[in-house]
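Some features that TrEMBL has for this protein:
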ACT_SITE  His63  active site, proton acceptor
BINDING   Asp64, Val67, Gly69, Asp71, Ser73, Glu85  Ca(2+) 1 binding site
BINDING   Pro161  substrate binding site
BINDING   His191  heme b binding site
BINDING   Thr192, Asp238, Thr241, Asp246  Ca(2+) 2 binding site
DISULFID  Cys32-Cys112  disulfide bond
DISULFID  Cys65-Cys70  disulfide bond
DISULFID  Cys118-Cys314  disulfide bond
DISULFID  Cys198-Cys223  disulfide bond
SIGNAL    1-21  signal peptide
SITE      Arg59  site 'Transition state stabilizer'
Amino acid sequence: MAAFSVVFFTIVILFIGCTSAQLSTNFYDKTCPKVLSTVKSVVQSAVAKEKRMGASLLRLHFHDCFVQGCDASVLLDDTSSFTGEQTAGPNKNSLRGFNVVDNIKSKVEAVCPGVVSCADILAIAARDSVVILGGPSWNVKLGRRDSKSASLSAANSGVLPAPTSALSSLIQTFKAQGLSTKDMVVLSGAHTIGQSRCTSFRDRIYNESNIDASFAQTRQRKCPRPVGSGDNNLAPLDVQTQDKFDNNYYKNLINKKGLLHSDQILYSGGSTDSLIESYSKSPNSFNSDFAAAMIRMGDISPLTGSRGEIRKKCGRPN
């Protein structure tokens, strides 16, 4: 019995040690009580100027978390002696919003210098972007610290889902991050906002059969077949309401109007069809499940405690 007590006590101590280093929604309540209002103000201004920026900030958080965890590694700029993640295939000429994050960081530093991490700023800005565009809110868990390095090879290794991904590949990519198939489907619903480049959907609109014909023709007008022609022309990921966070993304899939192959494959006679149908009918379910999945995504391998640092500027280590 004594041995059991010692083991049990040890487990409790270990558990307490783990949880104390985890994230919490009130992490900055005493050290930077104005952080949430400061971030929100900058995000509101940026999205008011350009609605697409909301989607861009949300995507930054996603692309950060899927490469070595939610540690703001994606924000590190290249230097003469360092190559970060921004030139990786999934990110080059694609990720944007870095200037907005820098603006947020400078405003937060003015209020409470050296306290709030860039990784946490990404998490808060993602939530605020969704809310501003009409989506659900959630309490963002905070306490992440910033990495001192980034990994171009990791960003290029397939951990970020490609627009050409098969369903099995999408499921596996999210599973590798500790996220379920349901999480994958609901987080894909982030494509209710934002735009995509012609290079990402050219093959789909010219070569795939599970696509609405008139939808394909409309997209072809600004995305010519020849590679190199109109590559950077944009199209909305949600053909109905590109600037409103809603469940129309799922309705589009049922109507064969998913812009990317990786969108439409979610409703192509496979295991995720029933989830697509469910979310297309229930915006409330989509909103609540999306919020919960965002919290889980934000939990991916954060640096906490004494690991990492609080960067003074998000684009470079201290």
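Cβ coordinates are placed from backbone N, Cα and C, and glycine is handled just like the others.
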Once Thr192, Asp238, Thr241, Asp246 are set aside, which residues in the chain still have Cβ within 8 Å of the Cβ centroid of the Ca(2+) 2 site?
Ile193, Gln240, Gln242, Lys244, Phe245, Asn247, Asn248, Tyr249
Looking at Cβ-Cβ distances, which residues of the chain lie under 8 angstroms from Thr241 (Ca(2+) 2 binding site) while being 6 or more apart from it?
Thr192, Asn248
Greatest C-beta neighbour count within 10 angstroms, which of the disulfide-bonded residues Cys32, Cys70, Cys198, Cys223, Cys314:
Cys70
What recorded positions among Cys32, Glu85, His191, Cys314 are found with a C-alpha within 10 angstroms of that of Cys65 (disulfide bond)?
none
Taking Cα atoms as reference points, rank the recorded positions Arg59, Asp64, Cys70, Cys112, Asp238 by distance from His191 (heme b binding site) and give the first.
Asp238
Taking the center of the Cβ atoms of Asp64, Val67, Gly69, Asp71, Ser73, Glu85 at the recorded Ca(2+) 1 site, which other residues in this chain have a Cβ no more than 8 Å from that point?
His63, Cys65, Phe66, Gln68, Cys70, Ala72, Val74, Ser147, Ala150, Ser151, Ala154, Ala155
Listed in sequence order, residues with CB under 8 A of Arg59 (site 'Transition state stabilizer') and six or more positions away:
Leu95, Gly97, Ala190, Gly194
Within 10 Å of Asp71 (Ca(2+) 1 binding site), Cα to Cα, which of the recorded positions Pro161, Cys223, Asp246 are there?
none
Out of the recorded positions His63, Asp64, Asp238, give me the one sitting nearest to Cys314 (disulfide bond) by CA distance.
Asp64
When the number of other CB atoms within 10 A of each residue's CB is tallied over all shown chains, which of the binding-site residues Ser73, Thr192 has the maximum?
Thr192
